[in-house]
């Protein structure tokens, strides 16, 4: 439940629907552009295409139900559907988080080890990093589900959130969950914090290396890194505020969750294209060529 006022619900319905349309069209546009151009041969765009795909999947686990629930009186979800939503939200979200780590490693190799870049980031390594991201996300997600399915639920059944997540569900359990809250903060929360700190440190090293480069190459690399850094901050800061505090801050968690489930995926396509010359050139060649062919 986000609000009780009908006018506010209608306004949110329109805003979130538009956000979801932008997320789908923007990320699929990037995905198709990369897959249909030679950018797919470059490791950075290999990961970016999967990041866009994960954005679409991640938001699609949450947005449709959030949008429809704004205009219906009876907001219900079955136990199995709730578990499925929690699993897929954590799976796609964690995969996205690990792909951002792989992208940071790619930028480190490209800028700090340029002579060995094609050896370090060959296609086999890219697939290994991608599969490791998926496997890590699966283990993380299945752990969240295993924590919940072992709990007894015998009292209130109203979830104080717009999605099935672990903290709101822990509050409904008919047993003391204080130890489990610590486990969640230690796993999900600390993984988010440690990953965020590691990414920030890696980009500091990358930016310090750029100071020794020529102005032209430095400008292009800095533009690419600034896009990555912006996405990292947009995704991780709300995530940390959600999972590091205690379960008593659920009311604020709903606001923070909107940032990493709706707003960050919406801004990602703009962040990765507006200052990226390679992406803009690939879009121009691919989509303008298709338009000319249709015109003929």
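Each Cβ is built from the backbone N, Cα and C atoms, and glycine gets one as well.
Heads up, TrEMBL stuff is auto-annotated, nobody curated it.
Of the listed segments 155-174, 255-274, TrEMBL assigns transmembrane segment to 255-274. Mean model confidence of the domain 'G-protein coupled receptors family 1 profile' (26-272) amounts to 88 (pLDDT, 0 to 100 scale). In summary, the transmembrane segment (46-67) lies against the transmembrane segment (255-274): three or more C-beta pairs, each 6 or more positions apart in sequence, are under 8 Å. Across 125-149, 179-210, 222-243, 255-274, the stretch most heavily in contact with the transmembrane segment (13-34), judged by Cβ pairs under 8 Å, is 255-274.
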